[in-house]
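Record features (TrEMBL):
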DOMAIN    4-185  domain 'Ketoreductase'
BINDING   10-38, Asp64, Lys158  NADP(+) binding site
BINDING   Ser141  substrate binding site
ACT_SITE  Tyr154  active site, proton acceptor
Amino acid sequence: MAPKTVLITGCSSGIGLALAVRLARDKQRRFQVIATMRNVGRSAALAAAAGPALGRTLEIKQLDVCDEGSIRACLDSIPGRHVDVLVSNAGVGMVGPLESQSLAAMQSLMDTNFFGLVRLVKEVLPDMKRRRGGHIVVISSIMGLQGIVFNDIYSASKFAVEGFCESLVVQALRFNVAISLVEPGPVVTEFETKLYEEAERADYSRTDPETAKIFTDLYLRNSRDVFASLGQTPEDIAEHTLRVIEAARPPFRHQTNVAYTPMAALKHADPSGALVTDAFYKLVFKYDAVLRFGLRAIRLLRWKSRKVKEGVRLLGFK
């Protein structure tokens with residue numbers, strides 16, 4: 001069987017890089033990977049990680065999801081414009097008090113995170129429908145299911161992504177085209193690290209002192225614990241995404257972190273929204289010390305689990 005052509009956006013680092021390398025180095029050679037990025041000048045890390053797969057099962061191309069011409073040029077360079085699997089991964093983040101963020105920055109984020117996906121789908125879907133086959137995989141977020149304090153605009157972009165895909169999936173199925181949303185929680189990447197470092201240095205003079213204090217003293221401190229305790233690696237997300245891609249019947253939604261399943265379930269348990277709102281309010285403002293203690297306990301348990309697995313491997317057991 002011929003390898004599937006997989007086009008991935010946002011491959012200069014993080015999840016996109018890890019997924020491109022994982023598919024390109026697949027032992028069964030099931031995939032021909034087209035790894036794209038807005039600035040190919042930042043392709044050195046991907047090229048190094050791909051190793052001998054570069055030029056064989058992996059090709060690097062320029063693609064800017066905010067530029068329709070760039071998207072078309074990339075697809076035109078692919079024989080027959082044939083894409084079996086599109087992985088929409090390119091995205092940007094934003095965190096902080098709403099009053100401290102400019103409308104221009106918000107619009108730019110939506111242009112990348114939401115309209116970038118729309119542009120890609122508009123370009124590949126017609127051919128997939130004509131062939132009656134294809135798979136569109138979208139790297140979404142748990143914040144597309146549940147809004148998180150101080151992530152207002154980022155969460156809004158992921159809600160838009162989820163609504164777009166949920167509306168489109170029924171029509172796509174009629175043409176034997178699958179759509180899948182991969183929904184990670186916190187992922188420890190250069191993208192996230194830089195975002196939170198910038199947040200710690202930012203100017204919050206445009207918001208009131210109480211809100212600024214809540215963000216810097218509560219949110220940022222708790223976020224560090226959340227990432228340290230519950231964060232996954234890009235390689236973890238790549239493995240989850242591979243399972244979605246290779247599934248005989250791809251799921252519409254796939255959450256990568258079981259710790260966040262109760263959060264999503266809590267929202268649906270009470271259609272009024274009171275239950276989940278009250279739970280989050282208490283976690284943030286009343287029981288934040290309990291939250292931090294629980295997160296640090298989880299981090300310790302995960303550390304011990306890793307040590308046990310390392311010991312098993314050193315002893316020669318699988």
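Each residue, glycine too, has its Cβ placed from N, Cα and C.
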Closest of Gly14, Arg30, Arg38 to the residue listed as 'substrate binding site', Cα positions, binding-site residues only: Gly14
Residue with minimal Cβ packing [other Cβ atoms within 10 Å] among the binding-site residues Arg22, Arg30, Arg38: Arg30
Least surrounded among the binding-site residues, given as Gly10, Gly14, when other CB atoms within 10 Å are counted: Gly14
Alpha-carbon spacing, Ile34 (NADP(+) binding site) to the residue listed as 'active site, proton acceptor', which is rounded to whole Å: 27
Spatial separation of the residue listed as 'active site, proton acceptor' from Arg22 (NADP(+) binding site) - C-alpha basis, Å: 27
Spatial separation of Tyr154 (active site, proton acceptor) from Arg38 (NADP(+) binding site) - C-alpha basis, Å: 20
Between Arg30 (NADP(+) binding site) and Tyr154 (active site, proton acceptor), the C-alpha gap once rounded to whole angstrom: 34
